[in-house]
Amino acid sequence: MKKEATTMKEKFIQLMSASVKGISQVVFIENIFSGLLILAGILIYSIPLGLIAIGSAITGTLVASFGGADKKVLSSGFFGFNSVLSGLAIYLFLEGPHKWIIALVCAGVTAIVTAALINITKRFDTSVLTFPYIILTWFFIGTSFRLSFIKPGANILPQNLINWERELGGSLDWHGLIRGIGQIFFLDEMLPAVLFLLAIFIGSFRYGIYAIIGSAIGWLSALFLGGEISLINLGLYNYNAVLTMIAVTSVLEVKHKNAWITGIFASFLSVQITASLDTFLLQYGLPVLTMPFVLSTWLIQNARKVFPNI
Amino acid sequence: MKKEATTMKEKFIQLMSASVKGISQVVFIENIFSGLLILAGILIYSIPLGLIAIGSAITGTLVASFGGADKKVLSSGFFGFNSVLSGLAIYLFLEGPHKWIIALVCAGVTAIVTAALINITKRFDTSVLTFPYIILTWFFIGTSFRLSFIKPGANILPQNLINWERELGGSLDWHGLIRGIGQIFFLDEMLPAVLFLLAIFIGSFRYGIYAIIGSAIGWLSALFLGGEISLINLGLYNYNAVLTMIAVTSVLEVKHKNAWITGIFASFLSVQITASLDTFLLQYGLPVLTMPFVLSTWLIQNARKVFPNI
Amino acid sequence: MKKEATTMKEKFIQLMSASVKGISQVVFIENIFSGLLILAGILIYSIPLGLIAIGSAITGTLVASFGGADKKVLSSGFFGFNSVLSGLAIYLFLEGPHKWIIALVCAGVTAIVTAALINITKRFDTSVLTFPYIILTWFFIGTSFRLSFIKPGANILPQNLINWERELGGSLDWHGLIRGIGQIFFLDEMLPAVLFLLAIFIGSFRYGIYAIIGSAIGWLSALFLGGEISLINLGLYNYNAVLTMIAVTSVLEVKHKNAWITGIFASFLSVQITASLDTFLLQYGLPVLTMPFVLSTWLIQNARKVFPNI
């Protein structure tokens, strides 16, 4: 057993370690180097965004610590990853003079939402995944239409399903394959995406391979099923498949050798769930975030209690 | 205990038996003759639709079998009935060149959704009912707006609640009383409906009586509460009442003699839930399917844990 | 142990006692005098509304009694408070010739919905709060668009988020601070609100203090975050904060001294949830009712299982 941290310095190091791991936990990895590499990728894209990422991880971890969370779970970064994503999402999807403060506050609230949802999902022997961050972000975007301290960003565009039309045509850009990794953290540039992939490989070679396979399956499925080319090029149809592939094959408890088949199926399904959620959220202008990953992974995680061979 | 099937022939017979029972399980009956009669009714209406029905039951049962489902539950047809309804719904509500393949694939996925939802509902000591098929169908219709491999059918019409108006007038047609049985399988013709009713009577005389009572209650309630005549004539206000009446009086665990009162109440309620869901789903053009039955039956099933006398 | 009531008179007194307590249970209090004072407040506002309130409490309690509910829980008024709110809401938000009958029937159905939701929430060691009444009222307003026996009231106005605009300006009226107490029972006049507050103080001095603090926090938060002045003046941004403050600090199981901090946080959050729900319900014209209180309180109640210090 680890000795309890007593000095301020020890406590600070523990906090930073848990927070950086919180960043890597977004991709199911508990590894400081992976966390730092992902952070570097975000900082390269935008320094304010990188500061929001680490600030959110720290805030979430601090709230969980004050809340009295289990110390071992806390030090694994578990109470940081939803906060990281919330902070980034609030910062990117909302507009207002002090939005960085709001992003950090939301990151803190996310830790509480995470705790609440743990009490729900554990009763079904399932995981919260990134659901806490999704529900908080959707709710908060809803708030922004009504309270003037914050405004919906330019990318939040409520539309009407009745007169909505699919965007046709466009030429395919294979960069979408790599952007699918970057979009996990909302980024569409190449270098950060490559760093994120590297971070996954550092954490686990196996996860890295599955990330690539997941991205390819999502990308090919979206093409095959006829998704809009502009969205495919941005990596918006495959980032959920990346997370789903890793989770279904490697993170969830699996008792057999055929999990990769289930992983391919679940990744394929995440593309259809993405399309469906886009339809249902259109009227509010809400982004699907990682909800397709959550639904597809929950489907398998729950089904495995009844179908042990999948 | 039954001997494990070993030869291919035995396995095939077991699969077909479970699949045909899967068709009869839609109306809570585990009986091969009932299943065949219902299948005949669907084939009379449309041969392709009948093939989808049996094909979906087989697909769902096969997926559950590969998944490692409990053999006894499997042989009862339990993993077939949601798949049958999914297959039919996808075939009837979507359009596309290879929609029969898509219907069968969805039937297979439905078995996995069923397994997942069993893990949820069993924690509340409740049943999945037809919820797996409903959620899959709604989700998949959502998909069809976004991915070009499949299109929403002509009967999927998103409308705006703000300028929507009730259809007034129309003359009542008592055939709606019988169509309420047929609409369980989406059919509005007389002969199939009569065959379905016969199938219920073959399975259980008591269920047959309750089916008739349920249909009448749904029909009369919709008239009394002022539902649109065109919908009443099509049997769209009473098919949920049929299922609710049978489930509440006979399928759920009941410890007293007054279940028929609760059944009448729940059937009456299913009509109001139908109207309400129609309002909330209008903007997506989604059909209510058997969700009113599911909600009304869940209400009673859950409430009985606290109110044992209902 | 209390002697079982045997004579008609004893039974009637028990029923009336439980029903009046049902009215006070809306504000977490089991006290006949509090219940009578609240009833007086409603009667002063409108005699028909007051009759609906007590009639709904009686109906809900009777249904629970026939249902075989636990006698001790029944006599505490627990099966009355959701019915009271349902009856009032149906009476105020719908229109039709016999709406008082419909309000009472809905009050009865609410008892069954309450029982069903107890079976759900108890699995998470949480409470139903006022969720049964909310879900029933929303569902029933949905029904009113489709079935002609009842119509949506003038205050149910579906609107489109796309061309919706915030109401700007208006001068602040401090009466909103007091109206926040009255709006728990849908009233916006001063005298009833003062009587309600008095009723809370009679039940528990501590609850009374927290009610005032909750109202102030909700009111100030809405101002600070930029809510619409017209809504703030009507008390529509703080009535949920009143309930949340009392519940989080005093009703839920708390194992530490800092619950008041959590209470302030949760009350503050209820304002943002109010805004968010307003956005999502806009298209159906549904009022948020006490859903912000329910969500904010559930958040804390669930989170406390994992974060014991909040």
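Glycine residues also receive a Cβ, built from the backbone N, Cα and C atoms like all the rest.
In sequence order, B:L85, B:L129, B:T130, B:Y133, B:I134, B:I184, B:Y239, B:N240, B:L243 are the residues near B:T290 (site 'Important for channel permeability'), counting only same-chain partners six or more apart with C-beta under 8 A. Sequence annotations record features per position, and here TrEMBL assigns site 'Important for channel permeability' to B:T290.
Residues 15-16, 18-24, 26-27, 29, 74, 77, 79-84, 86-88, 91-92, 100, 103-105, 107-112, 114-115, 182, 185, 187, 189, 191-193, 195-196, 198-199, 202 of the same chain sit 6 or more residues outside the transmembrane segment (B:35-66) yet have a Cβ under 8 Å from a Cβ within it. The transmembrane segment annotation in TrEMBL covers B:35-66 (among others).
Taken from TrEMBL, the feature transmembrane segment applies to B:73-94 (among others).
Marked as transmembrane segment by TrEMBL: B:100-118 (among others). Beyond the ends of the transmembrane segment (B:100-118), by six or more residues, the same chain brings 48, 51-52, 55-57, 59-64, 67, 69, 79, 82-84, 86-88, 90-91, 94, 128, 131-133, 135-137, 140, 149-150 to within a C-beta distance below 8 angstroms of the stretch.
Feature annotation from TrEMBL assigns transmembrane segment to B:130-149 (among others).
Taken from TrEMBL, the feature transmembrane segment applies to B:259-275 (among others).
TrEMBL lists B:281-300 (among others) with the feature transmembrane segment.
Reduced to three states, the DSSP call for B:T290 (site 'Important for channel permeability') is coil.
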